[in-house]
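Annotation source Swiss-Prot lists compositional bias 'Polar residues' at 344-368. Residues or ranges marked as region 'Disordered' by Swiss-Prot: 34-54, 326-368. The feature topological domain 'Lumenal' is assigned by Swiss-Prot to 1-82, 128-192, 242-274, 319-394, 438-470, 525-559. Annotation source Swiss-Prot lists topological domain 'Cytoplasmic' at 214-220, 492-503, 581-965, citing sequence analysis. Feature annotation from Swiss-Prot assigns transmembrane segment to 83-103, 107-127, 193-213, 221-241, 275-295, 298-318, 395-415, 417-437, 471-491, 504-524, 560-580; the stated evidence is sequence analysis.
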Amino acid sequence: MDRGLSTGTNQSGAGLRERAVTSQADLNVITENPTVTNASNGKDKAGKTFGRTPDGTVFTVPQTHDMVSQLLSPSEPKNLSDLVVLTILAGHIFLLWILPSGAKIPVFAVIYLFWRSCYNAGIGWLLHNQSHHKTLVRWAEKSQIFVNPATGKNPYPQLYHLIKRELEIKISKDYSFEEAPLEYNTWLVFRRLVDLILMCDFASYCLFAIACSRHPANESVLMTVIRWTSGIALVLFNLWVKLDAHRVVKDYAWYWGDFFYLIDQELTFDGVFEMAPHPMYSVGYAGYYGISLMAASYKVLFISIIAHAAQFAFLVLVENPHIDKTYNPPPPRKRTITEHDAASQRSQSPDTPNAPSVSEENVPNATTFSSPPPAVHNLLGFHNLDLHRITDTSSILVQFLMFSLTVLTPSTPWYQFLFVANAAIWRLWYSVGIGYLLNRQSNCKSWTRHFVKYGETPHEAWNQWKGTYHLSMVMCYASFISAVWKMYTLPSNWGYGLAILRHVLGAGLISLQIWTSVSIYESLGEFGWFYGDFFFDESPKLTYNGIYRFLNNPERVLGLAGVWGAVLITASGTVAFLAFLSHILSLGFIQFVERPHMQKLYGRSLRQDAGLVKSLKRSLPPSLRQLHGSVDKIFDESYEFIEEIIDTARPKLAAGVNTFVRDTTALFQKYPARVTISRIDADLAGYDLRDYSLTVEASQLPLDEGDLSKEGDNARTPLDRRGDLENLVFPYGTPVKVKWTAPLNHSKKDWIGLYKVTDNTSREVTRVSSQGRWVAVNEGFYDNLTCERGILISDVVVSTSQGDNGEKHDIATGEVVFSGDKLFWTQGVFEFRYHHNGKHNVMAISRPFEVRIPRFEEEDHFDMSQTAVETSLLPVIQNCFDRDPEIAPETPEEQYGSLVERDGKFAKRVVFAVHQMFGVEFAPEVVRSDGNVRNLAWRICNAKRVLAPYSMSRDGATTPTESKE
């Protein structure tokens, strides 16, 4: 139901805070949940909508109605499932009536939490598995409940006729149960389950609120009127959000239809979806808090917060991954067709420039810095914390010092004054000081010029600026938190007054600011967060995605919600002064620093009204729209007046400052355990283990006996092999094909898993989880698709002579391939195990095989050939990228596919391989930044040259070695 996802694609326009983002970020178009409108191109002249199943089947999507109309409208036909839902709802109401007063609240709290769990956990689990494995459709396919009993293949004919009657009663036009695709019928049945859960969820919540409702003692009439008026207003607003959302998304997205099939229509971005991100999950829960107000119960408020948090978890864990997979796939890679084209592209400076060749390295070139450096080592986030970096170390030390002083000093008026003054000074520096530096950088590039004057590069100036801004931001908020700590007093009586409400609202505002900051960072990236367009004059390009789709300057209000949350929690006038100062200075920063630069950089392309403002303006009467324009004009004229005063006073202030400095100079010189359950099938009679076998095939590395000079005398002789079998040594990441044999009556749920040899002590039973590294031997017998990826051939009948008397008999054989996530991305010795009937009984074990990354041998670190490195590195990277033609390069200069930037697992595989091959350790961000094999090879060669003096290997430049014979 609650599809908290906006509809449509990005809209171009203009806004103040949306700074330019890097080119890579521009590729990541953040598309909210697509929905359809009646005006879309996917309808024919008769107004019919067409759907498309995953196998390409096109069908007419009949018109359906929302669940409230279906259940409660007398004009809508009723079926058995409607009566079941209405009966259960009536049972809830009857239960509230018969329960004693003392039992109503706990009983309905449990009932509501049960239905909420069914919603977020139950439906979430079903949708997650449907998205990844088509589980619901596979259940319907395996059970054959939608197959006509006349064919004799439906084991449940009565259930078939019941479902057919139930669905056809509801959908009278453009629908035939027999002809509708399996996916659509499955979705219709899933809808009935959703109707039951969602109606019971909301009904039990309302009944719980009724059970908890009370009239506070000594509450004035005015407060009662305000409380009920506000509550009713929130409920009505919630109702409008739901109705407008359903108008836009229809039943298709309301019931998660895109988990089952897609609509052949254009995407839209309309109505409430212009107002807020994920409106069904954000503002769509305003009614819960309105009901809490009317009930005047903290119990209702807290259970509303729990429900709201669970809904956001549902969004993050279920819906967002499905949306990214369905509507935001990585764009196709631009391929290099010929060597001539590759040379042409290199000469035209592509987005990721290729590293220089050996002959080019020593030629001095004038480097241009119009584009920002690639983001390799970001600053923000705990996952980017690096104690080797002075910015991070300084930030941690100053915060530790600040909070230590806060905790160890008493909260006397004198110390309170010092901490408040410290917070005010840091806020002034963060807004006025940083604003002045950015203004000078915008007008005359003063920050960059300073570093260029001392021989540094603009990239160094950019890095130093990021450190300065980051430390200033950290100290601004650390000092504010310290001041709030000093001014806060724990309530002596939590039940008196509005103490609990103040803390709940304050915590909510703080959470809102944190979410806003995270959303801004996700939209702008590291480059935009640190005002990169003040430093690099790349071609101006605005994007309006994420939170900027709805607001031009989210930090103007939402970005400072947390400071006002601190005011509510402390109930302190001093903290209110700090919050007011912070808000005024932030507004001034936007008006006098950001806005002039944005207008200069982007001009008329700036958007005047964001999505929220447009929605509000459309809902206002003409007289109020005119008043809004007049107010905007007054504010603009006021800002212009203040700017004129500052421009006039600037020379006088400068002269006064110079005099003050001159006089002053004269006076002063101067940082789980998992439980595995092995399932055993006791009935193994009738299966001949000699018919089971596993044979491993893959491209092999040349055998290397190793360096025997360290061994004893007897161990230095070459291995004496008695037989034709040799060691199996496979390259890192290469797909491994497994040929299996089994009796003809083998279970169709048999499966093959990949394990480290040392992980299992038993040869009869596997007691270690496969962790997803397994493939079924037959298709269609498991409720997910992942286990079937890799099946090549199944149940081919062949003859064999194995047996006691050597007689030939038939067995089944097949082939599967393990690749990608089904492999161990490390070195070691592994084996495959054939398991029986979906359990962990081992029927056959393959020969052990070794996965090895060959060490790159170079004669001299200083003469290391980049071409040789490229040649050795290319096949390894192709394996690391699953040999996927959409992302794996075919030549050293070909760019990686965009999925490498999104999914960090590919870069992690590469850096592990590079570390083992060359002894050089890189961060995964380096692989993504380099963008192709040639750049990475150049970086490896350069790193080897830099680290050669510190090498302790036998061939190290500073290590004396014996002369080679």
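A Cβ is built for glycine as well, from the same backbone N, Cα and C atoms used for every other residue.
The DSSP breakdown of the topological domain 'Lumenal' (438-470) into helical (H, G, I), extended (E, B) and coil residues amounts to 28 helix, 0 strand, 5 coil. Remark: secondary structure over the topological domain 'Lumenal' (128-192) totals 43 helix, 0 strand, 22 coil, with classes taken from DSSP. Listed as Cβ neighbours of the transmembrane segment (395-415) (distance under 8 Å, sequence separation of 6 or more from its ends, same chain) are residues 387, 470-471, 474-475, 478-479, 481-482, 485-487, 671.
Taken residue by residue, the topological domain 'Cytoplasmic' (214-220) breaks down under DSSP into 0 helix, 0 strand, 7 coil. Look at the topological domain 'Cytoplasmic' (492-503): DSSP puts its residues at 5 helix, 0 strand, 7 coil.
Counted as Cβ pairs under 8 Å, contacts with the transmembrane segment (298-318) are highest for 107-127 among 107-127, 193-213, 221-241, 417-437, 560-580. Secondary structure of the topological domain 'Lumenal' (242-274) per DSSP (helix as H, G, I; strand as E, B; remaining residues coil): 20 helix, 2 strand, 11 coil.
Contacts between the transmembrane segment (275-295) and the transmembrane segment (193-213): present, as 3 or more C-beta pairs lie under 8 angstroms, all at sequence separation of six or more. Sequence-remote contacts of a segment are chain residues at least 6 beyond its ends whose Cβ falls under 8 Å from one of its Cβ atoms, and for the transmembrane segment (417-437) they are 406, 446-447, 468-469, 472-473, 475-476, 479-480, 482-483, 485-487, 574, 577-578, 581-582, 585-586, 588-589, 592-593. With a cut-off of 8 Å between Cβ atoms, the residues of this chain six or more beyond the transmembrane segment (560-580) that come close are 416, 420, 423-424, 427, 480, 483-484, 487-489, 502-503, 505-510, 512-514, 516, 586. Remote same-chain residues near the topological domain 'Cytoplasmic' (492-503) are listed as 298, 301, 568-569, 571 (criterion: CB distance under 8 Å, separation of at least six residues from the stretch ends). Here the topological domain 'Lumenal' (438-470) returns a mean pLDDT of 89 for the predicted model. Using a Cβ-Cβ cut-off under 8 Å and counting only residues 6 or more beyond its ends in the same chain, the topological domain 'Lumenal' (438-470) has close neighbours at 367, 369, 372-373, 379-380, 390-391, 395, 526, 530-532, 534-536, 592-593, 596-597, 600. Residues 227, 295-297 of the same chain lie 6+ residues outside the topological domain 'Cytoplasmic' (214-220) yet bring a C-beta within less than 8 angstroms of a C-beta in it.
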